[in-house]
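Under the heading active site, nucleophile, Swiss-Prot lists 145, citing sequence analysis as support. The active site annotation in Swiss-Prot covers 307, 340 and rests on sequence analysis. Look at Swiss-Prot and you will find 212, 341 tagged as substrate binding site. Swiss-Prot lists 43-346 with the feature domain 'AB hydrolase-1', giving sequence analysis as the kind of evidence.
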């Protein structure tokens, strides 16, 4: 079974955190394994900023997924045991309603008329989908990077049906480094003449590619770049040519930018990075307590010491805050030359897999 879609919020519109409403909402998702008769063996997997619902292959000739090494019979997320659901996030561009979707009121794409939204709104859509799928309990919500933010929000908003959380490389609030990088990336898009106020034809390729190049510099480490590229040059290149890549690192970044514009929408990039910036569960809720104080379920937090996007001191601070408020948190750190993206890299599976497998296997009996 590959990408499926469901239309939600047809009778009652989606009420967003900012008070705006939207109806209907189309959600793209993929599932792995079988929902049990008791409907309580679900694991919800959250993708990162530019990921998709295609987390793993469904058959041998299928396109690779972004977490193939963790998903399947006998693997960490054992599909003989669990029913795994992975959605394309609300506001994205891979099968779920977002800025590039058609506005039913105008017959034209929403573009920048799409309502602003938060991480909380993203998981509200997921909650509605799981209800439509018949899921009554979730064994664990697992996510890395922006996916970890979604997982954390699940522990706050829907702890009544969620048994545990696994958050990889995501703080309790976006730090100034991440906010600053996101601003630079958005400005690259907004200042591209082809952006045209969001009403572009095709893509604002230069701006979006530049944004991706900036992002790639935060997803990996200087150690990895030094080892892979040093100051190696591209054959037959001219050091005086500004329009051509002279160094191999330039060629690598240009390739990352060029391929990215073929698969991701610039407006979605603006909205999603802003949602990341605004994520902050340390802020007081209506009861004047920090939002994360509501978390009472087992919570696995994994920090990456070499992370250049979400710095390890922010993860450590998050762990201390969770402990102070008696959240049942387990914390581990992983070192990797791959930095923030380490949890997505096949070579690094042995560092993360035992931590995730052990956490899932040690959940209370009711959760498995």
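Every residue, even glycine, has its Cβ placed from backbone N, Cα and C.
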**Fill in**
Close in space but at least six residues away in sequence, with Cβ under 8 Å from that of residue 307 (active site), the same-chain residues are 169, 315, 339, 340
**Item:** For residue 307 (active site): DSSP state (helix, strand, coil)
**Value:** coil
**Message:** Tell me the Cα distance separating the residue listed as 'active site, nucleophile' from residue 212 (substrate binding site), rounded to the nearest angstrom.
**Reply:** 16
**List of residues, in chain order, with Cβ under 8 A from that of residue 145 (active site, nucleophile) and at least 6 apart** = 48, 49, 168, 169, 170, 309, 310, 340, 343
**Predicted model, mean pLDDT over the domain 'AB hydrolase-1' (43-346)** = 96
**Prompt:** For the recorded positions listed here, 212, 340, which shows the highest count of neighbouring CB atoms within 10 A?
**Reply:** 340
**Fill in**
Cβ atoms other than its own within 10 Å of the Cβ of residue 341 (substrate binding site), all chains, total 23
